[in-house]
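Enquirer: Quick one: the structure is below, and I'll ask about it shortly.
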């Protein structure tokens, strides 16, 4: 079979990690040798310090405890006369620095991590960052632990490079039974993995969700056992028309899992037998069919009729921050980086798309409650907290969150209860703080959160399981759905595909270190291969780990039920006459809703002013229209005008036109005011709103007529008169948001019967709201009179919230990348100084890649957001990019972004290739040694060695070029293993960066040694400063990166670089190689 080159290229681009070498034994051996060498150095230093401890002149006593004085630091001495690195001397920063000073021979790529009673030392090339993964059992390191019987030891398990380690990984599904889904002589199991795992059909019986229509999917083909095809060609059809032929990615290149914790357990990938490919969102829908063919001609087909698609559900998520008698809470991660965290959150729900929209934060200096109470300083509430508070319930949730929801649904008013129309899937996300006085008399601010359901979530944060858990509630899920057995992940609960990051979301919890069965609630869980504990559903604890997501993975059981809930809803559809469509599971398509009482929006997704407030038709409680809320994406309706007996709102716009909106004319909840909530198009410039009610309430008229009809003076409540009364007494009962009226038939009574029913004690009279509605046609509107209950003039506001953002259907992921700042937008970068490319690479990796920098050769992570370094041979620059899509092509060479890559900047703008006078050794030694020391390189490379350098071990290597005149020239190699002839004009070219020659170096050393004034001017020129900073000026505040001089009593001038904007004393200069502290980086002296 001939495979077209383009399809092979696409397949390669879709792989989860680079091709790896199988020469793992030699790599492991090399790592072990380096660990043993480092172990010997550490042990030698420990022996040296034990000798120093025996000398009393090296000891300082503090509070009766002995400390070793060494390299300018104090070290707590253990009973065994060993130094430790405790924070009790001067904090954790001091402890970390003291550890580095003790083992000052540790240089990159080696790193040291202080662990209070010792240190862990690891190599970046074959170890892992201990602090990032919080892993207390490193498997590839040197350990000095004062409490360990071995004192200095090595751990040498799993010292392979990360990708090589995956060769030995477990395949999660590879031991599970395989079900054939294909017709033909090729037998294989097919799975579509999106936020969760689905099979082509029959998912309901397996407690799995169905395939989400119009959502990108990872297609996984698993051959039957004992059948290992060399390759799989896939033909993709839509309605019988061929869309594309492609080679599926081979099993060894399956996407990595999102494991976060690293330890001695083998990696786990989804499968080591399965072929994969990514189907774009617009192909995943009814009418899709697939044909597969192996290298040797076996064929299998998955027909369109054999694929069951679910609704392409959409979810709206408006967000607002509210401060009640105090400032609103600070912006949360999801608001600050909506595209990024929104993309992460989208990976967890069975949706085709979700839209995040923002409201401007609101500070409320006056609070009027639904009962008319007014609060201006604080609210008296016995035990306010994250779960409790009267303003939490009445204002944040009922008035504002559900007010936004109902305004978007086109419902202009409702009762005081927490009710919402639920016209289509939407969840209003709120963050609020209220000022309260508790029952101890203490006044303070309390953050509310940890609440979800009824079309809203109230959150204290926007990352972690609080978010998925509370949204789960809002999507109908309770706690521990299906019991503990269905709230834990397991062998068949499914994995997810993280389309944003280009990873698989495994269902393991790597933080769970188990050995055999373990307890979860009232069940015992069998772990994966004995030692791998499972994650738990967000509704059942949300235990998870992930290197790529802030949110846990739902089980298939929960995802199926969330999907079923979403499919039960109507959806906004501007093309439908009614304004709504509903999913037809049989035809697998949306169909227009023929008739509905819901209003159709006249505008969707526009900037809105949302008006909320309380009004009392009875004119007893205080009515209050709250300050306007400003949203970035709301629906606007042609709201009905009032009818007789109703209240109404009159809105005046900037062009003096008016809109009159009908509001409920009777209280919906007992003695509480009603709520008003409606959206106004912001571009119409609303000016004022006035709420008026009939002077004579229609409810009052109806109540008076009822009392007259039953010859009664008043209405009774059930618990009046100790359950005794007179025949004919009329009672009112508030149930399900309505007032039910009953007439008593006996002198004693028990509970009311069911809604709308009578029994031997009670005669059901009717629903008060229905009786009022029946009365309306007979009443003259004007005869009832009118009274203004409140009005508000809107304050001019030119501020707009951030634009709404939709994730899904090809949108959103690229915006997450675009939102990352350029180098020129990194405020701290202009104050940093870099002498070498490697220093700058480390900064880029830390700032953009969580410590990882890809180079396209040895490291080529295929995920959106991966950071890459690229040698630009056209402009002779070292460029840095963020990958926008896993199918990204060539890097742009014009220092601009394109559709595949976001250009961040170039190293040449920040790396100073002139030698730093403070770092260049000016002692009497050869220039070769001087250059080696400056670049921390054990030896300089020669031109003949140019092809031996590598990205991992000799990136930006320094070369020496002995000339015929006997003068050495020094160059940096731009690209490892590449390079033509050295330039001969003492300049740089596309392959080499010219540094200096012996003559220029000798001249520089001579100038540096002439006198201190010349030396210091060279320093100021290098750091681009006019003068040195003076300690104490500007109130001991300065710019990060500034160089200060310190004339010490040893007769030397010491130079420090400021690390913080405010500072304390210089650390005491000493013979220590690095007397730095948290404020100051010690550099050198003269």
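Cβ atoms here come from the backbone N, Cα and C positions, even for glycine.
Feature table excerpt (TrEMBL):
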- 1-23: signal peptide (SIGNAL)
- 314-572: domain 'Peptidase M66' (DOMAIN)
- 469, 473, 479: Zn(2+) binding site (BINDING)
- 470: active site (ACT_SITE)
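Structural setting of the listed features?
Expert: The secondary structure of residue 473 (Zn(2+) binding site), as reduced to three states from DSSP, is helical.
Cβ neighbour count for residue 470 (active site): 24 (other Cβ atoms within 10 Å of its Cβ, all protein chains included).
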Enquirer: Would you find the one among the binding-site residues 469, 479 whose Cβ has the most company, meaning other Cβ atoms within 10 Å?
Expert: 469
Enquirer: Within 8 Å of the Cβ centroid of the Zn(2+) site residues 469, 473, 479, which other residues of the same chain have their Cβ?
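Expert: Near the Zn(2+) site, beyond 469, 473, 479, sit 452, 470, 472, 477, 478, 538, 539.
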Enquirer: Take the C-alpha atoms of residue 479 (Zn(2+) binding site) and residue 470 (active site) and report the distance between them in angstrom, rounded.
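Expert: Cα to Cα, residue 479 (Zn(2+) binding site) and residue 470 (active site) are separated by 10 Å.
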Enquirer: How many other Cβ atoms sit within 10 Å of the Cβ of residue 473 (Zn(2+) binding site)?
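Expert: For residue 473 (Zn(2+) binding site), the count of other Cβ atoms within 10 Å is 19.
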Enquirer: Summarise the model confidence on the domain 'Peptidase M66' (314-572) as a single mean pLDDT, whole number.
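Expert: Value for the domain 'Peptidase M66' (314-572), mean pLDDT as a whole number: 97.
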